[in-house]
Amino acid sequence: MFGTILVVCIGNICRSPVGEKLLKQYFPEKRIFSAGISAERSHLVGKGVDPTMQQVAISRGVDLSEHRSQQLTSELCKNVDLILVMEKGHIDLVRQISPESSGKVMLFGHWLDSNKDIPDPYRQSEDMFREVYALIEDAALRWKLKL
């Protein structure tokens, strides 16, 4: 049903790379990508994962060193079956970029208690990065059980 999945956050250097990688582990048969709503405007296109997130991921046995940030585009949205965003506010931002994709946008944390937003840890403490990683991990596992 959902053969291609796009995971979206703001810069594509903290949350969405983790979500992408975990979903790829759970669904090796699916094509899974990630992108950032403001990666281009923030001059992050082509950048690697935030160093703190990379450290947290490595401590959990996940290597994100190959990741490079990319800008979310209408074309990317059109070519996937499901778009998972980290915060409720991202839903409208994705719709602005790709209005025809409205029906396939959901929260990455949709199956968490009360449709939980996954906050942006960028420029926050390492503890915040750890909390966010754990939330993404939990949400990805719940998607594994639902898809």
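Here the Cβ of each residue, glycine as well, is placed from N, Cα and C on the backbone.
The following features are taken from TrEMBL:
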ACT_SITE  Cys9  active site, nucleophile
ACT_SITE  Arg15  active site
ACT_SITE  Asp120  active site, proton donor
DOMAIN    3-146  domain 'Phosphotyrosine protein phosphatase I'
Which whole-number value in Å describes the distance between the Cα atoms of Arg15 (active site) and the residue listed as 'active site, proton donor'?
7
Between Cys9 (active site, nucleophile) and Asp120 (active site, proton donor), what is the CA-CA distance rounded to a whole number of Å?
8
Where does Cys9 (active site, nucleophile) sit in DSSP terms: helix, strand, or coil?
strand
Other CB atoms within 10 A, centred on Asp120 (active site, proton donor):
16
Checked against DSSP, the composition of the domain 'Phosphotyrosine protein phosphatase I' (3-146) is 63 helix, 20 strand, 61 coil
